[in-house]
Amino acid sequence: MEDSYKDRTSLMKGAKDIAREVKKQTVKKMNQAVDRAQDEYTQRSYSRFQDEEDDDDYYQPGETYDGEANDDEGSSEATEGHDEDDEIYEGEYQGIPSMNQGKDSIVSVGQPKGDDYKDQRDLESERRADEEELAQQYELIIQECGHGRFQWALFFVLGMALMADGVEVFVVGFVLPSAETDLCIPNSGSGWLGSIVYLGMMMGAFFWGGLADKVGRRQSLLICMSVNGFFAFLSSFVQGYGFFLFCRLLSGFGIGGAIPTVFSYFAEVLAREKRGEHLSWLCMFWMIGGIYASAMAWAIIPHYGWSFSMGSAYQFHSWRVFVIVCALPCVSSVVALTFMPESPRFLLEVGKHDEAWMILKLIHDTNMRARGQPEKVFTVNKIKTPKQIDELIEIESDTGTWYRRCFVRIRTELYGIWLTFMRCFNYPVRENTIKLTIVWFTLSFGYYGLSVWFPDVIKHLQSDEYALLTRNVQRDKYANFSINFTMENQIHTGMEYDNGRFLGVKFKSVTFKDSVFKSCTFEDVTSLNTYFKNCTFIDTVFDNTDFEPYKFIDSEFKNCSFFHNKTGCQITFDDDYSAYWIYFVNFLGTLAVLPGNIVSALLMDRIGRLTMLGGSMVLSGISCFFLWFGTSESMMIGMLCLYNGLTISAWNSLDVVTVELYPTDRR
């Protein structure tokens, strides 16, 4: 009986020992599995800390949490505080994790760490990797979509927008001489009209280019072209010089977004091997815009009979008709853009995968149907989209009113545009930005400067020729006379006019010096570049004349009367040949761009962008230098045509290089 009891006790003790040993081994294996999983994740997620010194108390692979090897006993913190005879029950308190383990390391075993726990640099690094993968995949997708009807349709739509930009540049130079006359602009103020449009274009390029990276190429281009068309149309009706400048400023602000957005938009639907050639062909629309502006100016502005007036306060001359006609390419581009989709590359960049896929399928199907292969299926199912990083937006408490909400929204968008601009000066595009800024500035300074300056050069050269034919009349006296014809290019010095009548006279470049007008009458008189210097008027009547106070320099009036004085400049140039000549010269200068456009389009992908850019700038600089020696109209015209023909290749190359050197989110 006693032996049986001992055997039963020994059996129970053996079973208990076996159970305890099995429990120890199970806990040991579970701890080792957890250790391996945590170590694997730590090495993967915190590789950037490999060079840093590990904390001595931090848990290491192959060690227990207290830092001591305890493989023989198979124990861990799970058994701390228990002797071998104690049982370990499920759910029992297992101890406190080490204080050196931060919140970032408290994650599910085997699961990646969430974005909320990642550093900003880690997120940006992942986004860059996604963008590189997307760039390679997108190039293959565009090649599968092919080049065909869709690209050509977008080519002509964007070409109209680029044509509107070319028109805007030439409008300034063509309108300047006529606007100076119609608005009575003194020579000191005419420079503002030549520079105000470029000031608006500079601000517009910054704003609309940044907005295109925020809201999309198509939407930004639609808005900026609408702004340009509206204010260009409005400027043709305003009468005051200040309001006219304001309208042209906003018109330039709108058109400033054309070039930055057009080239980015078109480049994102072209394969790499076709990009240089087709962007160069697109540049031809800028030349077409210049030819269009020159032809319209030549056909419209000199025809002053087209003008009408509503009293003396409102004058609508032919140059205003020209401004309206020049707004037509802009209006056409806005209408056509409403039928075009957004850039799929931009949509992928902002995470809109489904919309981008639908547009890429549209491009593919459109091109395949045009090729006679409608059965060909778009094989792309999934496209990589970069990781989207949330932006923190400051929301003020007082946003209940609509104007406060609008203010916060506008301020947020402007701040986003500014951040996008500043990212152009971050690594790795900082060096490219600085170099391209210098090239853009120097090329623009030369080309746009000559575009505005050249009409005045022709005008001054013709004035010099007129000066050789100037008639000088001195020390003479006229009495009881009547004049009703045009007086042109004359200088009257020390003259005396007694009881004379100037009826319907047109004064053109006439100056009266030290002269006396006694009992004279000026009636229905118009004038241009006509001045009375140190003259005396006695018992003289001015009726329905356009003599402004600034035309009387150091002059004296005795018992004189002014009736129905005209406002504005009323001169007409029915026989003015110089206007035709200026527009014809600009037409030739713009047409000279055609050979350069063709050469750059054919050779862009063969000799390289930078080679063409450098060679074109050197040659155009040499030709511009010889303008200094131009002493005749024919020589100046020839050098201008040569300069325009050489510099256009530099423009085309620079457009392509700028698009290709920047990523989509900063393009």
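Keep in mind that glycine also has a Cβ here, set from the backbone N, Cα and C atoms.
Features of the protein shown, as given by TrEMBL:
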COMPBIAS  65-75  compositional bias 'Acidic residues'
DOMAIN    154-667  domain 'Major facilitator superfamily (MFS) profile'
REGION    1-130  region 'Disordered'
TRANSMEM  152-177  transmembrane segment
TRANSMEM  189-208  transmembrane segment
TRANSMEM  220-237  transmembrane segment
TRANSMEM  243-267  transmembrane segment
TRANSMEM  279-301  transmembrane segment
TRANSMEM  321-340  transmembrane segment
TRANSMEM  436-454  transmembrane segment
TRANSMEM  580-603  transmembrane segment
TRANSMEM  610-629  transmembrane segment
Discussion item. Between the transmembrane segment (189-208) and the transmembrane segment (580-603), are there three or more CB pairs that fall under 8 A, provided the residues in each pair are separated by 6 or more in sequence?
Written reply: no
Discussion item. Within this structure, do the transmembrane segment (279-301) and the transmembrane segment (189-208) have 3 or more Cβ pairs under 8 angstroms, counting pairs 6 or more apart in sequence?
Written reply: no
Fill in: the transmembrane segment (220-237) touching the transmembrane segment (321-340) per 3+ Cβ pairs under 8 Å rule
yes
Worksheet entry | Segment-segment contact (the transmembrane segment (152-177); the transmembrane segment (243-267)) at 3 or more Cβ pairs under 8 Å | yes
Worksheet item: Counting Cβ pairs under 8 Å to the transmembrane segment (279-301), which of 243-267, 436-454, 610-629 comes out on top?
Response: 243-267
Discussion item. I'd like to know the mean pLDDT over the domain 'Major facilitator superfamily (MFS) profile' (154-667).
Written reply: 80
Item to complete: Could you tell me what the rest of the chain brings near the transmembrane segment (610-629), counting residues at least six beyond its ends with Cβ under 8 Å?
Response: 439, 442-443, 446, 450, 596, 600, 603-604, 635-636, 639-640, 642-643, 646-650, 652-654, 657
Discussion item. Give the nonlocal contacts of the transmembrane segment (243-267) in its own chain as ranges (CB under 8 Å, at least six residues past its ends).
Written reply: 154-155, 158, 161-162, 164-165, 168, 172, 179, 183, 192-193, 196-209, 211-212, 217-218, 220-221, 224-232, 234-235, 275, 278-279, 282, 330, 343, 655-656, 658-660, 667
